[in-house]
Every structure is written in C-alpha cells, then in structure tokens.
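Trainee: My questions all concern the structure below.
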Amino acid sequence: MEKIAIIGAGRVGESTAQFLAKNDTCRELVLLDVREGAAEGAALDIQETAPLFGFDTRLKGGTDAAILSGAELVVITAGIPRKPGMSRSDVLDTNVAILDKLVDGIMEHAPDAMLLLVSNPVDVLTYRAWQRTGWPRNRVFGQAGVLDSSRMASFVALETGLSVNDINAMVLGGHGDSMVPMLRYSTINGIPVRHFLSEEAIARIVERTRHGGAEILALKQTSSAYDAPAAAIAAMVDAIALDRKRVLPTVALLEGEYGERDVAMGVPCILGRNGVESVIELPLEPSERKEFDQSLAGVRDDINRLK
C-alpha cells in the first residue's frame, strides 16, 4: 500500500505506527494530531529507528488534515480514553463530536480512503462514520474482535500451558462487557477448547476476556491498553494492504446478516484489498443467539442516542 494515515498520535496511534513501519506495510505513513508537535515528534522518533529495524517506510506528522491527501486507509484512534471505572459508552458523546470533525476532514482530503475505526465506543462510532460519509460498508469498519479474540487466546494459553500458536479464539458482538466469546468456534489445533478446560476455567477465561481492557486500565491507572490494540490494528491493516483475504472478527455494518440491518457489530469478515470483502454469517445455537442479541441491544441503545 502506498499511503496510510493514523489520526491520533497518542499511545495507541504511536504504537500502531511503530508496528506498521517495522513491517514495511506502506511506503508513506502519516500521523495527524491536534496537539502541536505531537504527531511530528512521534513520526520522527519512529523514523529514527529505521536503520535499526531495517524498514523503508517514510513517516511524517502534522496538525493539518491536508496531510491525509492520497491516503488509501485512515486509522482513527483519536478521542478521549476511558478512566478507571468508566465504560466504553461513557465516552460516547465527546468522541462522537470529535469523530464528526475528523470524518469531515477525511471526506475533504481523502475521499477515496477506507476508514478503520478504533476509538470507543467503536461499534457506535463505526456506525456514525458510515452514516456521515454515506460510503459503502466495505470502506468503513472497526477494530474490536481481533483484540478481544487475541486476549481470549492469550488467556487460554495461560490456563492450559499450551502454545498460543495453536490457539484460535473467536469473539463476536459489541466491544464491551456484553461481547460474545464463541467457545464452540474456539480451538486448539482444531480441537475444541472444551476438551482441554474445565467449565470453571472456561468461565474464568470468558469473564477475563470481557473485562480485559478494564483489567489493564485498573492496573495502569494512568492509561488504557495500547500495545495489544495496536497489534490488533496492525493485523487488520496487514490483511488489507497485502490483500491476504484473512477471516478476522471485524466491526461491520450488517445488511441482513444475522437477521439485522442498520447496526454495526463485531462479526467474522474476510478482509482484503477492498476492505470488508464479505461478512460471514455463522450458524448460532440458541444460547449463542441470546448472548448475541443482548450484545446487539446494547449497541442499538447507544446508536439510538445519536438519532
């Protein structure tokens, strides 16, 4: 990919830029931030690691949205973060106002770009960006399930003592406490995780996955998680930039899948050069469908606050 932009040079944005640059994911990587010098400093700091890591990506930063011109993919990490005790929905009103201004700038300077939403609450902001741009759903999507699934796989590895390389986990639904860890679709080298874990251990893993971000926030106190979210973003960007056709849980607009429309939710998608190239509709058992619907209801409630 020729050019990628990251809006927000905070911890998640800067860490994402590090991953993308080290992997030579694009030829040009730009960072945009309203804070004077923040994006420029982050870009320069990462650029100076190029001789050590051996990448050729060129980075630059700025405060003017014109820097987005020519970007094929724009990653939005800007917004106010959660503080201890806050839910992702608690930052909704402020982050929607921020998003609206950002989207207007993107539409002016990078009208052909794809948008990858990261700021919380990501399901609602993805819907808002899609609604405001009027772009097709393949071009507007969000990151949540890749991170949640990575957390779940990590906890399975820690609980079993087995290699994380053999573990595949799947988490669907909204990116919040009502997310839906899909145990039936989570395996260790093709074997269902329930073969290796007791129901008590599974319950612990599910609960820890649902509150993974809050756990880190409570421990750090001064910041949310940023390395794992950035790695999740980088995995999605890699799938798109290199047209890998990967199946990854993605916040996507539903157009009849799962019997739903006019809502953005975490569902398995095929990611490639055109963004969300397909939404995969999994058959759900009654208990899974109940959890999915509960998660969906929470997202719809937040979306309805915007209408």
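Just so you know, glycine gets a Cβ as well, placed from its N, Cα and C.
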Trainee: In Swiss-Prot, the NAD(+) site includes G8, A9, G10, R11, V12, G13, N95, V118, S119, N120. Which of D24, D33, D104 does it also list there?
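Mentor: Among D24, D33, D104, only D33 appears alongside G8, A9, G10, R11, V12, G13, N95, V118, S119, N120 as NAD(+)-binding in Swiss-Prot.
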Trainee: Can you figure out which of G8, D33, V118, N120, H175 (the recorded positions) comes closest in space to R151 (substrate binding site), comparing Cα atoms?
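Mentor: Going through G8, D33, V118, N120, H175 one by one, the closest to R151 (substrate binding site) is H175.
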Trainee: If you measure C-alpha to C-alpha, which of G8, G10, V12, D33 (binding-site residues) come within 10 angstroms of H175 (active site, proton acceptor)?
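Mentor: Matched binding-site residues: none.
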